[in-house]
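Q: Got a structure for you, written out below as structure tokens; questions coming shortly.
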Amino acid sequence: MRRININASVALWTVFTILTIWISFALHQPDVQTCDIARTWISTAHVEGFDSKHSRFGEKYSLHLIRASQHAIPQPIRPSGVPVIFVHGNAGGFRQIGPFAGIAQELNDELRLLTKGDAGTEFDFFSIDFNEAYSALHGRTLLDQAEYLNDAIAYILDMYKRNQQEGLQVPESVIVLGHSMGGIVSRVAVTLENYRPQSVNTIITLASPHLIPAATFDADITKVYHLVNDYWRAAFAEGDTNDNPLRDITILSIAGGKSDTMVPSDYVSLDSLVPATNGLSTFTNSIARVWTGIDHDAVMWCHQLRRQIASALFHIVDPNVPSQTKPREVRMSTFHRSFSGSQSLSSAMQDFINIEATPLQDGVEQRLAPGFYWGRNLQMLTNHVINYDSNIDLYERKSGSLLKVWQCRSRQGSSFRQCKRIYPLFVPGINDSVLSHVSVNGILLLDVSKEASESGDWINIDETSMSAAPFNIYGNIVFSTSNMVSQDIAFPALTSGLISYKVLTSGGVGLIRQYMGRNHPSRTYDSKYLIPHYARVDISFHGDGAPFVPFKLKTPTKTDLSTKSYKAPLHLQVFGQGKVTISVDYVGSLGNLFMRYRTLLFSLPTAVLYAVLLLQFWRYYQSGSDAKFLSLRDATGLFIKQYLSWACLVVAGLSFVIKFEFIRDFLHFIQIPATGSSKSYEIETFYGSLYTHIDLFLGISGPIGVVLAPAFLALATGIVVVVTEIVIAVTTLASLAISRGHRKMSLLQTPKNVTIQSSDDPIGDLLHKRTVIIALMALLVLLFVPYQLAFALATASLLALTAYFDAEESASASHDLSTSLYANRQAQEKVGSFINYATTMSVVMVWTTLVNIPVLAVWVQGMVFGRSTIFSSHHNLLSVLPTLLFIENLSFRRMPERGLPFVTYIILGYACFNCTAYGMMHAFMIHHWFNLLAGWLLITSYKRNKTVIKESRIE
């Protein structure tokens, strides 16, 4: 009874914890989504000439042209605009690009009106249809799509050559827009042999997991990620030389934040892949005029975001050059201004000699007279338009008068030298207005025109203000803000994105900006504006301290308060005067674990299953001639009672020690499969920068990892208890159905005078009709089906066998002892022991099948749509044959021999450790560990003089 209570208690705790995490994830601290939906008419046309003659995947995929029009696109297609090609993501569709085509056409029409007849810039939006393929689950599918993308780009560029129009430049490159895994396909494409050099120079990705695959259930996809990321790092390590094939490529990565429940937004970072000269990572919360979290699908149709992307496209294109885009520096400057959500400077410098500049004074809602003004270490907030560069800027900021602002390096008398124009931080105002904020730690120069002076627009000016908070997780801290513009509060101690916080406000605090420090090693722009709701705002951030995400190695720096403040991962910029109180939101923090550790809910329970199985075999081997195999219920209860606390200490210690380099060296040295280098956690990247990441266990170390590790292990143990009960319930119901349906059949009747006999011909036992089925399945694996399907069928077969054995035992137990199938108590115990063994294997195989389902889903989808997909699991008979033979062997009720128990211990022990330490990043190995175990148990059970019950053998 106590064992049942222990199991039940752990199961109830597990259910409660999972529900709490889910409620926290779904309901606590959600990003506010304020996306607008804009309807537009689109027309599509199949690019008919692009067939199997131009790509070996011409019959599998297709290419289309998308236009914002109510009229059909005439054939043959004659493109004439700037080429943009869209690559949809996992199970996506080619029509998703329609809203972008619509907003680009709308923006172009309005700019024509603004410029009074200028021809404007036309775009040709091409889109690839991958037939909703599951590219996130299968590496081979990812490679196929990348190869097809290169073929499509080459064909598109050739179309422009064939249809060249007088006065138009023939494009030699395209802009690629990728959603989700489409962004990864775009990065893979430039690494393949069929990539046409310089045919891609700008890539924009939306919610794309660049660093780590969202699911690691397929070995190929982890290998593709590893090779592609290594290629990009090695290329940029060459700098701007001709040895770098990617030197002219700029890439923008945009994430949706917490609202994206499909891809962890930590994985969008390009920090360790691309230098700042070529790449930018940001969040939709950070982007001016967007300022909202966006879910995984809405990122393609959110009106505010697609408007900003379309505006940026108009900024970076130049139809008069073959590349169709402006130089790399201009493109990156545009990306920073449009998407970083931060203040930036122009690259050009100018001097102001002998000008009459008036010192600025602190004050609110000032109306300045025409002329130059200057100040030092100032910040300003205004509704003026600051430093617009083009008609596109003017279109975006239709209200407000122009104000010119510079940051200067030096001042000598009335001269200001080495001045750069400031592009301000945009701040949301009331009634959908947009304000401009400028902060300068140095010399600020301001030029107020007569028009600006007479416009009635206002300026708030005050000194810059920054303070650091010595915060810890055990309490809260209260700050008073008195600055007339804003006050910056840094939190150097809050370094983990796994923890969420809550801020209570009072007084006149009307807006809080959360952002990362300007000098923080991370270059991912994660900021958001928070409006207090019932005097409260919720704080959470990505990137810093995220599991498995590479981070820059620390270099010796000053440790004074000012340096710590600027490098703090979390800053709060408080607009208004009042009090703010920050504290940890423990319930809200639980939801952060779900997105980061979904795969762990598969790998860690597998480790627990192998630990329990090790305990079962240890008891079985130590019990002598009267060997009894413990039931999974009993073994799990024993594990919880006697070993779980020790196991929690072990995993807590593992989480702590992996922060040491020599420990990680050793763990990578003993890893199966080998990573190729014991220094795999070190990432040598561009310009000598060195990044590192912890790719073991929880992907983090330190106090948070030490706390989370035991909690996750206890949760995994509870999952094993719950799954065990579910499998037992299923087999019990099936056995009841078998008993009722075959009650009168001779198979379940008890023959008299049956004795236990010995099988002297195990080879002959294999000459069984199920052997034909196994041979057929093996042939199909060699020729056509993936081994995951064969494994799933074997699992179903074992469940049926277990149910049959249970039904048979129940039927025999209902007879008197004199007519029992078993002549003595020892035989009954052996049968019960075997059923325990079969039930345990059923649970392990069911759990392993869950890991195989994603790859199996790719194959099933291909069959449904009539597409052939190459699988590495095709022809891989060794990955499932031991399991098939193991199931066949179980049908003869063979138990493992007691010889060589240490081999069983080693296999189970290392499988348990492997699933614990490497399971998150190598979940595909879960299948192979069971297959290895099945092969070994098959060998140990094939011994001469093995006891079986021949009359009960299942035909």
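Cβ coordinates come from backbone N, Cα and C, glycine included.
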Q: Taking 132-152, 426-446, 489-509 as the choices, which stretch does Swiss-Prot tie to transmembrane segment?
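A: From Swiss-Prot, the annotated transmembrane segment range turns out to be 489-509.
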Q: According to Swiss-Prot, which residue among N753, N889 is annotated as N-linked glycosylation site?
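A: Looking at Swiss-Prot, the N-linked glycosylation site feature maps to N753.
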Q: Spatially, and counting Cα to Cα, which of the recorded positions is closest to N914 (N-linked glycosylation site)? Options: N7, S180, N431.
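A: Nearest listed residue in space: N7.
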Q: Determine which residues of the chain contact the transmembrane segment (600-620) at the Cβ level, with the cut-off under 8 Å and only residues 6 or more beyond its ends counted.
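A: Apart from its flanks, the transmembrane segment (600-620) reaches 217, 627-630, 632, 635-636, 638-639, 643, 647, 698, 712-713, 715-717, 719-720, 723, 833, 836, 840, 843-844, 847-848, 850-851, 896, 898, 901, 904-905, 908-909, 911-913, 915-916, 919-920, 923, 926, 929.
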Q: To the nearest whole angstrom, state the Cα distance for the pair S180 (active site) and N431 (N-linked glycosylation site).
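A: With distance taken Cα to Cα, N431 (N-linked glycosylation site) is 33 Å from S180 (active site).
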Q: Cβ under 8 Å, sequence separation of at least 6 from the ends of the transmembrane segment (643-663): give me the contacting residues as numbers and ranges.
A: 611, 615, 681, 694, 696-698, 700-702, 705-710, 712-714, 717, 916-917
Q: Do the transmembrane segment (772-792) and the transmembrane segment (703-723) share at least 3 Cβ pairs under 8 Å, sequence separation 6 or more?
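A: These two stretches do not touch.
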Q: Per 10 Å Cβ neighbour count, which of the recorded positions S180, N431, N914 ranks highest?
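A: Sorting the candidates by Cβ neighbours within 10 Å, the top entry is S180.
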Q: Mind checking which residues of the chain, 6+ beyond the ends of the transmembrane segment (8-28), have their Cβ under 8 Å from one of its Cβ atoms?
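A: Contacts with the transmembrane segment (8-28): 261, 500, 538, 585, 587-595, 640, 714-715, 717-719, 721-722, 725.
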Q: Using a Cβ cut-off under 8 Å and a sequence separation of 6 or more, which residues in the same chain sit near N7 (N-linked glycosylation site)?
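A: Long-range Cβ contacts: R633, T636, G637, I640, V721.
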Q: Counting only residues 6 or more past its boundaries, what in the same chain has a CB within less than 8 Å of a CB in the transmembrane segment (489-509)?
A: 28-29, 266, 466-473, 479, 481, 517, 530, 532, 535-547, 564-585, 588-589, 591-593, 596, 700, 704, 708
Q: So, three-state DSSP: helix, strand or coil for S180 (active site)?
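A: Assignment for S180 (active site) reads coil.
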